[in-house]
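According to TrEMBL, the signal peptide annotation covers 1-19. Annotated disulfide bond per TrEMBL: Cys29-Cys47, in sequence order. Here TrEMBL flags 59-211 as domain 'Cupin type-1'. For Asn104, His109, Glu114, the entry in TrEMBL reads oxalate binding site. Taken from TrEMBL, the feature Mn(2+) binding site applies to His107, His109, Glu114, His157.
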Amino acid sequence: MKATYLLVAFLALASFASAYDPSPLQDFCVALPDGIKDAVFVNGKFCKDPKVVVAEDFFKHVDPGNVVNKLGSKVTPVTVNELAGLNTLGISLARIDFGPKGLNPPHTHPRATEILIVIEGTLLVGFVTSNQNNTNRLFTKVLNKGDVFVFPIGLIHFQSNIGYGNAFAIAGLSSQNPGVITIANAVFGSTPPISPEILAKAFQVDNNVINYLQKQFWYDNNYV
């Protein structure tokens, strides 16, 4: 019986380990565009022949984002989809620009922990835990230039510019393809939409409220 418990524990640990990007098996594996044939499939992207890899495969310039929008913020990702040389390396980053009072709304990265450093400005940041002991705890912190904060993998988090000027931060992520689920967009702007009756019951509000919210987010998700 003890051996059975040990086997179950080992399998659970192995399953947990495999949930993260595997370590690279070579010095690099530059991604090829989807649809290329006769290549080796590694870590979700095909590999470019090392003989034809060039320095530009590992380089990308990132400009400040345009913050003239409803949220007053712009996230510029640098994942394997934007920088092919990240393939198999298990990391990525994002530049986050904020206008005055700009917001990077509550969202989650299903495949990555995020570590954020403020380059300019003052941000209020926070994350919410899973419902352990039937409680979703909120952790918040005001960050100034040079401050660093960590958002654990999979947890809902946000960043808000509480200063009077522009702000920007750099976020490092522990996956070449961390993914992002913006909570409001996913709930109210999915395609096809979630039934208003389901959302009305979940949020304990009138159907008219849900209909209004779905119109706002469905339009943004499908026409912006």
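From the backbone N, Cα and C atoms, a Cβ is placed for every residue, glycine too.
Excluding Asn104, His109, Glu114, which define the oxalate site, the same chain contributes Ala94, His107, Thr108, Ala112, Leu116, Phe151, His157, Gln159, Ala171, Leu173, Pro178, Val180 within 8 Å (Cβ to the Cβ centroid), listed in sequence order. The domain 'Cupin type-1' (59-211) scores a mean pLDDT of 96 in the predicted structure. By the criterion of other Cβ atoms within 10 Å of the residue's own Cβ, the least surrounded of the binding-site residues His107, His109, His157 is His107. Long-range Cβ contacts of Glu114 (oxalate binding site) within its own chain (separation 6+, distance under 8 Å): Val150, Phe151, His157, Ala171, Gly172, Leu173, Ser174, Pro178. The Cβ centroid of His107, His109, Glu114, His157 marks the Mn(2+) site; residues of that chain outside this set whose Cβ lies within 8 Å of it are Thr108, Ala112, Phe127, Phe151, Leu155, Ile156, Ala171, Pro178, Val180, given in sequence order. Taking the C-alpha atom of Cys29 (disulfide bond) as reference, the shortest distance to any of the binding-site residues Asn104, His107, His109 belongs to His109.
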